[in-house]
Amino acid sequence: MRTAYSVETVRTAERELMARLPEGALMQRAAAGLAAACADLLGRVYGSRVVLLVGSGDNGGDALYAGARLARRGAGVTAVLLNPERAHAGGLAALRRAGGTVAGAGQGEGLVARADLVVDGIVGIGGKGGLRPEAVPLAVAAERSRAAVVAVDLPSGVDADTGEVRGAAVRADLTVTFGTHKPGLLIDPAREYAGSVRLVDIGLELEAVPPELEALQHADVARLLPVPGAESDKYRRGVVGIAAGSARYPGAAVLAVSGALRGGAGAVRYVGPAADAVIARFPETLVSDQGPAKAGRVQAWVVGPGAGEDAATVAEVVAADVPVLIDADGLRLAEPAAVRGRTAPTLMTPHAGEAAALLGVSREEVEGGRLAAVRELAGRYGAVVLLKGSTTLVASAGGQGAVRVNATGTSWLATAGSGDVLSGLAGSLLAAGLSAVDAGSCAAYLHGLAGRLTADGAPVGAHDVAAGVPAAWRDVVRGG
Ligand SMILES: NC(=O)C1=CN([C@@H]2O[C@H](COP(=O)(O)OP(=O)(O)OC[C@H]3O[C@@H](n4cnc5c(N)ncnc54)[C@H](O)[C@@H]3O)[C@@H](O)[C@H]2O)[C@@H](O)CC1
Ligand SMILES: [K+]
């Protein structure tokens with residue numbers, strides 16, 4: 001499991017550790033890890049041109065000490081000081097002793113344009129708001145230059161705790177982060193600015209503290225996925241009911257069933273007006289022309305994909321005493337009070353536009369502040385909420401505790417019907433007995449991986465993604 005902790009938690013852990021260590025030891029650990037990552041990226045350190053962008057805090061200190069290490073190995077290192085009076089004194093002295101030079105902000109853009117490597121030490125976890133105006137031209141120059149850009153701890157200008165980006169921020173190829181991942185490094189839009197992320201262990205002890213975010217890895221998903229035992233039959237493996245599709249959108253039913261068949265339930269039961277289309281494509285489906293309440297026993301329901309205006313079916317499913325996944329039109333049609341009143345688990349799976357409609361805010365607001373939005377929805381509905389997107393977030397019912405984040409997806413998954421496959425898959429995992437948080441996060445993981453494996457750099461349709469789920473599942477259980 002990968003975890004990310006809030007700035008407040010990091011600060012507390014750092015204070016405790018610093019009290020036990022000689023002065024400056026932590027910064028030396030950080031700088032050593034940073035310099036090693038820079039050297040790896042440069043390949044050849046000797047003779048390379050390195051420019052440090054140095055703000056007024058310890059983030060700049062890390063950059064200066066790392067710059068000193070690179071200068072000792074023969075790099076030409078220049079520090080651009082955004083606030084010369086407040087630059088880290090010890091770091092500056094170390095850089096000068098190692099033969100590095102110092103320049104004012106005015107020379108910064110030209111230096112960045114000619115650099116092989118730019119180190120962004122403008123702000124780290126002490127940053128407030130977006131980049132200050134004087135730093136913006138440097139961030140722009142770094143983005144334009146051919147130099148590799150390494151962010152120290154996090155790209156300057158992004159919010160460490162929320163992943164929000166207000167105004168300009170540094171775009172890094174690599175972020176070297178210290179002690180733990182910060183939430184912003186795992187959540188879009190900030191995640192996109194971070195490039196690849198390398199974690200440097202500086203000895204912080206965080207195990208006893210609840211994280212802000214958790215990201216499942218292959219081994220975690222492998223442990224959670226259902227495996228049929230020798231005694232299993234289709235009913236013991238779980239039956240998932242799919243109430244989806246309409247005369248207008250029969251395809252949504254077919255796609256939700258296609259996901260459900262690959263999700264580990266022993267059988268898929270379909271109710272709705274698209275039974276012919278479903279059976280034609282998937283003859284193994286149990287279809288019923290009765291409403292959900294009379295369709296026969298299921299261990300979990302999926303309702304909503306392509307449902308059109310069929311509020312009665314949504315209400316019938318929401319009233320069922322088994323885990324229910326509500327997606328797409330179902331999110332709009334479900335009565336909030338009925339959802340809140342449910343006692344069995346509920347999993348809601350909106351994309352940003354649907355989440356915005358439920359919250360009564362703009363889509364941009366949800367996309368810019370995904371963590372707050374998913375927690376808010378989970379709180380309002382007392383339901384587990386999976387907010388879809390390039391990074392998918394899953395909040396526990398009530399919105400408290402660690403939020404799961406999934407980044408296995410690819411932008412090729414932004415295709416019609418892809419969400420229907422995801423809801424079928426997650427519903428199937430619910431029926432197989434996973435908790436709503438595990439079902440949602442494992443489904444997002446497999447779905448993203450299936451998208452990545454099948455797309456392999458080219459466009460794919462939603463049905464390809466569903467067909468790719470078994471390969472993703474095998475990849476996960478075989479350890480990648
Ligand atoms: N505290 C520790 O034990 C360690 C801290 N480390 C580094 O220290 C960083 C935190 O250092 P600080 O607490 O000094 O804070 P930062 O260096 O992140 O930033 C604070 C400084 O930047 C200014 N500032 C705030 N917002 C700004 C903005 N939007 N634009 C421009 N300037 C802005 C503030 O006035 C302040 O002077 C970490 O991110 C990490 O890089 C590492 O050395 C590891 C050990
Ligand atoms: K930084």
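Glycine is treated like the rest: Cβ placed from N, Cα and C.
According to TrEMBL, Lys388, Gly389, Ser390, Thr391, Thr392 bind AMP; the candidate from Gly360, Gly417, Gly419 that the record adds to this site is Gly419. Binding site for K(+) per TrEMBL: Asn59, Ser156, plus Asp120 from the candidate set Asp116, Asp120, Asp188. The DSSP secondary structure for Thr392 (AMP binding site) is strand. In terms of Cα distance, the binding-site residues that sit within 10 Å of Thr392 (AMP binding site) are His351, chosen from Asp58, Asn59, Gly61, Asp153, His351.
Within 8 Å of the centroid of the Cβ atoms of Asn59, Asp120, Ser156, where the record puts K(+), the same chain has further Cβ atoms from Leu53, Gly55, Gly60, Ala63, Gly121, Ile122, Val123, Gly124, Gly127, Ala151, Val152, Asp153, Leu154, Pro155, Val170.
Cα of Lys128 ((6S)-NADPHX binding site) to Cα of Thr391 (AMP binding site): a distance of 24 Å. Of all residue pairs in the AMP-binding list (Lys388, Gly389, Ser390, Thr391, Thr392, Gly419), the one with the greatest Cα separation is 14 Å apart. Distances between the Cα of Ser156 (K(+) binding site) and those of the binding-site residues Gly61, Ile125, Ser390 are shortest for Ile125.
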